[in-house]
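Annotated in TrEMBL:
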{"type": "TRANSMEM", "residues": "6-27", "note": "transmembrane segment"}
{"type": "BINDING", "residues": "His79, His81, Glu85, His124", "note": "Ni(2+) binding site"}
{"type": "BINDING", "residues": "His79, His81, Glu85, His124", "note": "Fe(2+) binding site"}
Amino acid sequence: LVSIWYIIWHAVVVHSSIVSEFVFFFLPIFQLDADNYETDPCLKEIRKAENYSWMDIITIHKDKLPNYEEKIKTFYEEHLHLDDEIRYILDGSGYFDVRDKDDKWIRISMEKGDMITLPAGIYHRFTLDENNYVKAMRLFVGEPVWTAYNRPADDFPARKQYMKFLTGEAQ
């Protein structure tokens, strides 16, 4: 189950329906059967509908991920991508932090079975929770592009398009 809240100076603020509306309107989130992801018809349908032709699985844990400390720091650095970032949590848990239209941080708690799509151009970061473990499927349309652009990256067309979408100016 996805939990969502604002972060102010790294202190948690109570869950807000306004936050939920923002996240669910702008960020597609699905709850899927992670125990049966290899045969899940819902996942197959999403992959077909969204043309997610490429996927891999990453395990983020100090014993499983090469250069773990460096990777964790990289994931937590505020950045954007020029393509959508699709993550499906197969086991474990963690947090995606995203910026709302007023540039405030929103924390999204993700756990087993949750799938999220972060649109191209959204500033975000990822961190593990106190369990320090997550196993996630990464999905892409076509060949994966791993390039992250740290903030500031406001001049990219993907960022400009995302901002237009947030303000209702996108066509």
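Note that the numbers count up from 1, one per residue, in the order the chain is shown.
Quick reminder: no glycine exception, Cβ is built from N, Cα and C everywhere.
What TrEMBL says about a protein is an automatic prediction, not a curated fact.
The structure, with features from TrEMBL marked on it.
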residue: His79; record: Ni(2+) binding site; Cβ neighbours (10 Å): 19
residue: His81; record: Ni(2+) binding site; Cβ neighbours (10 Å): 20
residue: Glu85; record: Ni(2+) binding site; Cβ neighbours (10 Å): 20
residue: His124; record: Ni(2+) binding site; Cβ neighbours (10 Å): 22
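Of the chain residues outside the Ni(2+) site list His79, His81, Glu85, His124, Leu80, Leu118, Ile122, Tyr123, Arg125, Ala148 have their Cβ within 8 Å of the site's Cβ mean position.
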